[in-house]
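Asks: My questions will all concern the structure given below.
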């Protein structure tokens, strides 16, 4: 309860921490959105301000440039007046000329309402001046000008401003100051803004001094005043000037402009724009204007007509970043959750691993126990049945006992397969490395299925390449198990034709396959054509599934065979060459084949092609899966080719070690008995029309040292036999004539016997060769007739062939005479030997004791390890002790 409460509290804290982190992440994401939005808006406003500054500076610069152009024109007009009015005597300019000229050149001064020239007149010359002009100098109020030091009456004027003719420009205070400043500086000066007559626009008056000739460039103020001849002035329409400027520029509607005279900063005078500025005032810019008047200051203030809009990126970009942050948060959240889940899963997996390891240990113990406990009663059953069969039974009782024995062996085989599969899954199966004879094992496997093959009248044969070493190092039991499983399946599913086992070195087989592929690439590749007689060049004449095992390829392999006596490149016999040897083993049958839809699950445990397979043929579907695992443990691979109603060919590779004669250990314990050597030097004729089958028979005879010649018919064999001489006529080597049952047709026995007797009587041959018939079933024995010396039942094995030949040739009779009776010899094999048998199972004790007593031994039994130790205390009189491995209290290992 406390642990559960602690776990619940931990999960609650974990959830609260996670919730807090999620909230913090969302708040931070919102903060990022706000900050990014504010930043983008700030950048946008800064850009708007920079744009406003640029536009305002551009307008100010253009306004100054246009004003400067107008000032230059006024200046040029002043020079014109100075030149043609004061230098010419008499003057070349009068009012009519001035008015005409200014009217014609008005387009050069579009911003000036009009220009006029006022002459400087001192008080002493006033009378003379007025008499010359014919009018009296008046003030701005149209009154006669009062007495003063000097006057500036207008003598020339443009028609647009003709109303100021005779007016004293110095009668006004501001105009007087402008005139005094202009002549003292030599520059144009401006007045305060005022409403112009006619247009009612705001404007200013520009005053420019006109000097007499001879004024130096660096003249002093007194010299300028002394040289002043008059003043040229013009009225500027500032509003029109600015309006024309703004119309010329793009974006005029986006900004608003005000022009001010800021000579008096406390009371700026507006020159353009509304009196009360509107628009977006927080964002504005002021540009200073230089109109050339050093005594007055002007400025232009620009602002947007409305607030700049918020850019779309200020919303989309923060929103996108917010979404990315949320997605990143979700990914981190999911990763965090996944991490926690994985960590929890790892914790559970660790717990499950501990449980699985414990279960594996228990399983291993269970397998060992079950293996022992299941095999123990089965061994008792089989042992008792074996002892029962040694007693006197009638035919019915013997049949029952033999049937029970066969069923028991099948059950023990099934138990062994299931336990092997369990060991493989538990990783407890290990591969041994002991020397063994590969050919003897294959002969033993064939002997297991010889009765079945004879019952079905199918050819069962094995062929091992001469290049395969006689003795190899590996696991003979597991190799035998693989071959037994594959051959057993072939026997089970084959009702006609053949089962052919081949063993080659993989490098030789690959060379042949590569050569065959090259030939096919040269244009010979085509589907196998069915011969006209319906037979194929195979062991039985039926079509095989794997066309790579055709007679053409088999013939290439035979042509590449090298006798064992030949030497390898290093000078050693090839069978004794060090290193690995990789075998390629194929098991070919002409059975029912495997359906296409079932071929992908052939090696799946407990799976068969379909339900009818187990009903019709039996089996658990575990043999191939075990074989695949065993092949992989041997470092090889297994595969198959199968065609329904044609057959199947299973091919696997296995990596074994070459066994040297100097290798340690006692090979006699793992190797079969040696074949008899009495046949070396003999010659034999083989009559067989099928080349593959004749090659197999020749292989078994050559293992016995017999030289074989092959003929496809009896007639060809007789022709060859009649022409032979040498060892046969000398009487040293008897001829043997082996004939396949297919060539033993009715009447051929009489013909063959008569022909051989005739040759013997004529002296062509000293002895009649022994005629041996090769058959595949018991029913074929009836074809033999009285002229056949012996019949050899297939499948062929070197040992059975040797026994049959010894019987036919009368060899080994003397050895058999010297040997005692077989039954008596076995019963006295262990005579006088005291043997102790230890087993906790009483049935096994009886079976073991009965088996040993059958060979004449004196047996004493013990039911535990402690009892055995007490009996084995020195001195004891036991010659051997057989002890069970697994027993209570004290097992066989202790």
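Even glycines carry a Cβ here, placed using N, Cα and C.
Where the annotation comes from TrEMBL, it is an automatic prediction and has not been curated.
Predicted, not measured: the structure shown is a model, and the values here were computed from it.
Pasting the relevant annotations from TrEMBL:
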DOMAIN    89-301  domain 'CHASE'
DOMAIN    369-658  domain 'Histidine kinase'
DOMAIN    683-809  domain 'Response regulatory'
DOMAIN    834-894  domain 'Response regulatory'
MOD_RES   884  4-aspartylphosphate
TRANSMEM  20-40  transmembrane segment
Asks: Let me know how many other Cβ atoms fall within 10 Å of the Cβ of residue 884 (4-aspartylphosphate).
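Replies: 21, counting other Cβ atoms within 10 Å of residue 884 (4-aspartylphosphate).
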Asks: Using DSSP, break the domain 'Response regulatory' (683-809) down into helix, strand and coil residues and give each count.
Replies: 62 helix, 26 strand, 39 coil
Asks: When DSSP states are grouped into helix, strand and coil, how many residues of the domain 'Response regulatory' (834-894) land in each?
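Replies: Final tally across the stretch: 20 helix, 14 strand, 27 coil.
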Asks: On the 0 to 100 scale, where does the mean pLDDT of the domain 'Response regulatory' (834-894) fall?
Replies: 83
